[in-house]
Amino acid sequence: MARKSEKFLELYGYDLLLGSIAAFYVFMVPYTKVEESFNVQAMHDVLYHRHQIEKYDHLEFPGVIPRTFVGAFLVSILASPVVLLMNLLHLPKLYSLYAVRLVLGGIALSTLRFLRIQIKKKFGSQVEAFFVILTASQFHLLFYCTRPLPNILAFALVNLAYGFWFKGSLYAALNCMVFATLVFRCDILLLIAPLGLELLLTKSVSFWKALTSCLAAAFLSIGLTVLVDSVIWRRWLWPELEVFWFNSVLNRSSEWGTHPFHWYFTSALPRSLLAAYPLFLLGVLLDRRVFFYILPVLSFVLLYSKLPHKELRFIISSIPIFNFAAAVAASRVYNNRKKSFWKFLYIAMLGLMLGSLACTAVFFMASYENYPSGYALKALHRIGGVTKNSDELSVHIDTFSAMNGISRFCEDNYPWRYSKEEKISLQDFQMRNFTYLLNENLYIEGFKCLMSVDGFSRVHLRTGFPPISLAKAPKVFIHGNIRNTDITNRSWPGCSVIP
């Protein structure tokens, strides 16, 4: 039995470590943001409305640009047995959100495992170990890997591509990236282009064979997404083509904010890589083989830097390769740690890793407080149950609340009813028959503020220990209709005034 346990840990120990951290993030921070809203609502609708497409959320709230249902279908199908069991046990729908996020994380981490195994075969078990250590000590990759973003669906396929690349199955690697580009994230084109060019210039692949293989993959990918999404969206549609046109041709993505060219290198990568950021540079210098793998990924980030609108999640597919390069450096430093000069590098590396853990703790605490409306709706369900004056409890969720933690998975069954109707002025609410409001405004005529929920505001530097504290401020307010005295006379926590 002991030998079997040792064998199991040898095979899956690293997966258990990374999976446990990702699962911890899921259970501690289950709610989702606006960036995840399409896929999370799509997964809910596939699981709960099934073939009743007319009830799907995207028909009422289509968003700025359409997205594919392919990833949502895959995750929902895999999660459906667990969700069915939860429904039989009459568990809240929030448990189904845990299920779909854990399934998505399992998909992403299984492809990361495939890459890790190829790294081990090519560079040794010690590089593999440091790859896992660096990944575990970072926050963003394991936090994001369970979040239903198109970037994460593409991330899983890009990990497969990386694994095939290391393995030497280069046409399979290109096919995975073609699928990711045409179905989930058209911006992966910025990764496949430098990778394909490098493979051609080094004569690793044949141009005509690569072209034939990629065209076949493209035909199948476009056929799949057009078939699925045209049915669900009720019009002929290739979602990523519209995304490409909107973001790249029209450059409309800049309406959501812009950053300078250097932002990925001076903000996003340092925050996401932490200790691996300086180490990956060292890895390029210490092992000439690393440069072959780093160059296309570095080119990807450089090319992406030309687009004004920037977010960390856009380049999350680059993190595993940067971690690999950093792991090569860490392994070399560790092997030479008893030599005079290397001893200082080893001490510096340990300090960087401890710093990574500290930063990860801060990032986690900030993220925990960054979904205030999810916690607000949970509190409302707990305190504001059935009233004497009404059989049905109608809740209006404003745009800010819908963007910061609330999804269909957070809703309860009858007597609760929910509305996300937009463009209702604050003055018009008193003429509507809502029982409760979840709103970012403190004062609304005709309603009494019953409770406020704080959210992350900023990081505050201070003297003493710890040197960093997180400042919070009221973000979401629960209001009760003043005509319903049963509600207003209950014991509520009250509302904090916005400082």
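A Cβ is built for glycine as well, from the same backbone N, Cα and C atoms used for every other residue.
If you look up TrEMBL, you'll see 12-31, 69-89, 95-115, 127-143, 149-166, 173-195, 207-228, 261-284, 290-307, 314-334, 346-368 marked as transmembrane segment.
No contact links the transmembrane segment (207-228) to the transmembrane segment (261-284), because fewer than 3 Cβ pairs that are 6 or more residues apart lie under 8 A.
Long-range Cβ contacts of the transmembrane segment (290-307) within its own chain (Cβ-Cβ under 8 Å, at least 6 residues beyond either end) map to 165-166, 187, 190-191, 193-195, 197-198, 202, 247-248, 251, 253-254, 261-265, 269, 280, 283-284, 314-315, 317-318, 321-322, 324-325, 328.
Contact between the transmembrane segment (261-284) and the transmembrane segment (127-143) is supported: at least 3 Cβ pairs lie under 8 Å, counting only residues 6 or more apart in sequence.
Ranked by the number of CB pairs under 8 Å to the transmembrane segment (314-334), the listed stretches 12-31, 127-143, 149-166, 346-368 are led by 127-143. Tertiary neighbourhood of the transmembrane segment (69-89): same-chain residues 39, 42-43, 46-47, 95-96, 99-100, 102-104, 107, 148, 150, 153, 183-184, 224-225, 228-229, 232, selected by CB-CB distance under 8 Å and a gap of 6+ residues from either end. Packing against the transmembrane segment (12-31) from elsewhere in the chain are residues 94, 97-98, 101-102, 105-106, 109, 112-113, 116, 128-129, 132, 135-136, 142-143, 145-146, 364, 367-368, 370-371, 373-375, 405-407, 410: each is 6 or more residues past its ends and has a CB under 8 Å from a CB in it. Beyond its flanks by at least six residues, the transmembrane segment (173-195) meets 68, 70-71, 150-151, 153-154, 157-158, 160-165, 205, 210, 213-214, 216-218, 220-222, 224-225, 240-241, 243-244, 247-248, 295-297, 299-300, 303-304, 314, 317-318 of its own chain at Cβ-Cβ distances under 8 Å.
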